[in-house]
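To keep things clear, I will list the structure first and then write my remarks on it.
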């Protein structure tokens, strides 16, 4: 029976006693201990004799466990062989505590090192995210006036070009595909915004007056000598300056994208076909007609048109940069000769003296958003003034659209009158003071107090000077994966500019028409002294590339907007911003809704074809003289909300497209 008990205990406990298991699992040998020869295992019967009956109480068992010599932690293993167990003078648990303390110190060092390393890696990754170059091709959008130019901008982004690279290529493309609106012989303005750094730069490459141009010459002969209308082109200098600041791909490669469009040919757009059929310049030369009407009649939309002459010019500029355009080379000589032959006074020195300006945009806060727009001689301050005035009205979804339209019409009358007082601040110091007043919320509240809720003003609140601007303009909007926003508007002034075409294929602008002089218009409106003609001066401009971002932080709505139509464009931008930022409409709906524009010279409120008869009747009941027209302006846009980016064209345009990378 005793043998059976012993066998059952051994099968239950195995080869080791509970004390042996404790010594193996709880107290490993310290690394510095010398290994000792393994001691032979005692017989189970001898241990049981010492421990006594296994059914004894736990306290007795634990006491006996403390008397067990722990072979795995002893340095005198050899002396224990064959010896009976004896009480130890040293508590093995005290030794274990010391050993654990030693191991905890080592663990602390390891954990500290790991945390330090992890923190360093995290900081490096955060810095890379915010300040490093993008590592993958993410979302983006491009919007232009022609589908092939939008596709070209997208292609540049796909080849890891910057947002500005894409904008430059697309703008040059529009100079080929939309020669009635833009080109190398014109000028414009580009607004670039860095989202991560919250920094903005405006590159002004508006045309300037030749040094020998005088107001008297324009008064006598502006309508018979088209050479007098040509300003020094700024397009090449401006795009090159933008690329120097923000470009990623080589300049020559960016220009090669556009040169391929000119060389391979493009499909004539609806807008170009209409311009060639209805808006040919009266002085169109044989060279002009051979270039744009090669078959002797206006081309149909979709017809293939090639411009190998412009492809060659772009190749030259890609190799030599703007020097080939401005520093007395063959291109410069051709432009000067063409202008002088048509009665103009431009010289080679005018080209060498020209420079693009890099400056800060004007800005205002509207409904928690920062609105950025070009400073004078552009009319960005008047746009912000309109928003400041409207901000004080209770414009919500609860207010009827008809009432909101009345407030907008009266507000735009004030804003456009303010715009007519602007000009080039380099030549008139009072313009800076006028700009400050336009940006003031206090002044806006004062103007708002003069607006009746129920009746249109019978006469303008402010003196109105001559307002005439480029009716045609080309737009490029880019939001790229590099977290940059680019908005650009360029122009030749009226369709095909001056109509003067150089042997190299450069179509020259007519921007001197944007200056003000006596008896300039049929209605004999008063000329603006601030916008009078002076050598080297830049005329008043309604080219208004506009960027919107959250006033605080990074999260929220970002917008890039552009418009054509001169003063009508300012009215259109105001209403689109109102729809998006105040009425919380999506961008597509905001661009599609009907728009109005007050013509200050005739005191007529123009509305587009989207207006209903009920809306027109409401406005007429308030005292507005309403005239319905098909289209007032095109406003294109791109919107970014968090990480979602979309590009949207104005639905009134048959040719413009917006493309997005999803």
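First residue shown is number 1, and so on along the chain.
Placement of Cβ uses the backbone N, Cα and C atoms for every residue, glycine included.
Listed features, source Swiss-Prot:
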{"type": "COMPBIAS", "residues": "72-83", "note": "compositional bias 'Low complexity'"}
{"type": "CARBOHYD", "residues": "198", "note": "N-linked glycosylation site"}
{"type": "CARBOHYD", "residues": "267", "note": "N-linked glycosylation site"}
{"type": "CARBOHYD", "residues": "283", "note": "N-linked glycosylation site"}
{"type": "CARBOHYD", "residues": "330", "note": "N-linked glycosylation site"}
{"type": "CARBOHYD", "residues": "353", "note": "N-linked glycosylation site"}
{"type": "CARBOHYD", "residues": "394", "note": "N-linked glycosylation site"}
{"type": "CARBOHYD", "residues": "519", "note": "N-linked glycosylation site"}
{"type": "CARBOHYD", "residues": "523", "note": "N-linked glycosylation site"}
{"type": "CARBOHYD", "residues": "586", "note": "N-linked glycosylation site"}
{"type": "MOD_RES", "residues": "17", "note": "phosphoserine"}
{"type": "MOD_RES", "residues": "72", "note": "phosphoserine"}
{"type": "MOD_RES", "residues": "79", "note": "phosphoserine"}
{"type": "MOD_RES", "residues": "83", "note": "phosphoserine"}
{"type": "REGION", "residues": "26-90", "note": "region 'Disordered'"}
{"type": "TOPO_DOM", "residues": "1-106", "note": "topological domain 'Cytoplasmic'"}
{"type": "TOPO_DOM", "residues": "128-662", "note": "topological domain 'Extracellular'"}
{"type": "TRANSMEM", "residues": "107-127", "note": "transmembrane segment"}
Would you mind reading off the Cα separation of residue 394 (N-linked glycosylation site) from residue 198 (N-linked glycosylation site), to the nearest angstrom?
30
Using a Cβ cut-off under 8 Å and a sequence separation of 6 or more, which residues in the same chain sit near residue 353 (N-linked glycosylation site)?
211, 232, 536
Just jot down the residues in the same chain as residue 267 (N-linked glycosylation site), at least 6 apart in sequence, with C-beta under 8 A of its C-beta; none if empty.
148, 301, 302, 303, 304, 305
Minimum Cα separation from residue 519 (N-linked glycosylation site), reported as the residue among glycosylation sites 198, 283, 330, 586 that achieves it:
283
Would you kindly give the Cα-Cα distance separating residue 198 (N-linked glycosylation site) and residue 283 (N-linked glycosylation site), rounded to the nearest Å?
47
Could you work out which of the glycosylation sites (198, 283, 394) has its C-beta surrounded by the smallest number of other C-beta atoms within 10 A?
394
Whole-number Å distance separating the Cα atoms of residue 586 (N-linked glycosylation site) and residue 198 (N-linked glycosylation site) is 24
Please list residues from the chain of residue 330 (N-linked glycosylation site) whose Cβ is under 8 angstroms from its Cβ, counting only those at least six apart in sequence.
504
Using the structure shown, find which entry in 519, 586 (the glycosylation sites) has the sparsest Cβ neighbourhood within 10 Å.
519
